[in-house]
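Annotated transmembrane segment per Swiss-Prot: 33-53, 77-98, 113-133, 178-198, 226-246, 288-308, 320-340, 347-367, in sequence order, evidence recorded as similarity to another entry. Sequence annotations record features per position, and here Swiss-Prot assigns heme b b562 binding site to 83, 182. According to Swiss-Prot, the heme b b566 binding site annotation covers 97, 196, on the basis of similarity to another entry. Positions annotated as ubiquinone binding site by Swiss-Prot: 201.
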C-alpha cells in the first residue's frame, strides 16, 4: 500500500514540516514556544471570529456591543476573556521566543530572524488596533496618544495623522478602519508564519550548544510532538486560570467606562506588553526623538546578527554574555514597571537610565563581551 503521508502533495508538506522533520536531539523546552505561538494565533483567530459576529464598529454602539457579548451571548464572556487574555499569553510566548533566539544565537539564521522581527511588529500593530475596539476610555485615549506620535514626522506628520484618523480626531472613521485592520492582520500574520517556517526548514533548527546538529538528529514525531503537547497543556492551563479566575487583572480599570473625548484619564498607558517601549518613548523629552527611540527599541533586533562578535554561537558557554543577557532581561522588566508609573520623579530618571542601559547592553557591551570571550578561548601556554 502506498504511504499517503509521503506521496500526497498536501500531506507531504505536512509530513516534512511536523512528522518526519529531522530535529536536533538536544533541543530544550525553550524550543516549545514556536508551536505555542501557533496555537495562540489559532485561538485568537477563532475567538476573534466569534466576537466579530456580535461586535459593531460604531462609536455609539461599540462599547454596548461588547457589554452585550458578555451579558447576552452564549459563553460570550468566556470568548471575550479568552481573546483579551489570549493576547497577553501571545506576547508572553513571543518575548520568551525572542529571548531564546538572542540567548542561543538563533539570529544568525538571518532570513528566519528578519521575518520574525516583521512578525513581531505586525503582531504589535494588530494588538494596538484591537485594543481600541471596545471603545473604553483607555482605548480612545491610547489611540489618540499613540497615533498622534506620527505628527512628529517632519513636514508630512500632521497630514499623515489626519489621514489615519479619517478626520480631525479619533472618531467613527478611525474605529471602522481599525476594526478592518484588526480583522485582516491576523491572516497576514498567518502568511508570514508560513514564510518564517519555510526559511527555518531551509536551515533546520538551532540547538542549545550552538554547534552543527547534523551529526545527531531524530524525527519530530513522536519525540517533539509529545514534548510540545506538554508545553501546550501548561499554557492552556495558565490561559484558562487567567480567563476564568482573574480575567481583568491585566486590563485597565478605565476601560470599564465608555470613551469620552471631553474627559482625559489622569494617566494614559497601553497594555502591559507595550510598556517597555512606552517607557523608552517617554524617557526622551523631544517628541521626534522619542518616536525614533520607540522604533529603535524594536528594530534593534534587526542589527543583532551584525553585532555578533563571538566565535561561539550560543551563550551556553559564555558566562560574561550570560550575565549581560540577564541584566538586559532585568532592564526590560524595569522599563515595563516604569511604563506603568506616572511621569514624576524618581520614575523619570529611572526610566531614562534604563533606556540608556537597554541600548548600551545590546549595541556596546554584548559585542565587547564576545570579543573578550574570544580572547579567553586562546590557550595561555
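Backbone N, Cα and C atoms are what each Cβ position is placed from, and that goes for glycine too.
On the structure: features taken from Swiss-Prot.
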residue	record	CB count, 10 Å
83	heme b b562 binding site	21
97	heme b b566 binding site	20
182	heme b b562 binding site	22
196	heme b b566 binding site	21
201	ubiquinone binding site	14
Other parts of the chain folded back onto the transmembrane segment (347-367), taken as Cβ under 8 Å at six or more residues beyond its ends: 279-280, 282-284, 293, 296-297, 300, 304, 307-309, 321, 324-325, 327-328, 331-332, 334-335, 338-339, 341
Tertiary contacts of the transmembrane segment (226-246), as residues 6+ beyond its ends and Cβ separation under 8 Å: 29, 32-33, 35-36, 39-40, 43, 78, 81-82, 84-86, 88-89, 93
Candidates 97, 196, 201 (binding-site residues) - the one closest to residue 83 (heme b b562 binding site) by CA: 97
Cβ contacts the transmembrane segment (33-53)/the transmembrane segment (288-308), at least three under 8 Å, sequence gap 6 or more: no
Separation of alpha carbons, residue 182 (heme b b562 binding site) and residue 196 (heme b b566 binding site) (Å): 21
Residue numbers, six or more beyond the limits of the transmembrane segment (320-340), whose CB comes under 8 Å of its CB atoms: 99, 102-103, 269-270, 272, 274-280, 282-283, 310, 347, 350-351, 354-355, 357-358, 361-362, 365-366, 369-370, 372-373
Rounded Cα separation (Å) that holds between residue 182 (heme b b562 binding site) and residue 97 (heme b b566 binding site): 23
Cβ contacts under 8 Å made by the transmembrane segment (77-98) with residues that lie 6+ beyond its boundaries: 30, 33-34, 36-37, 40-41, 43-44, 47-48, 50-51, 66, 69-71, 116, 120, 123, 127, 130, 235, 238-239, 242-244, 247, 250-251, 271-273, 301
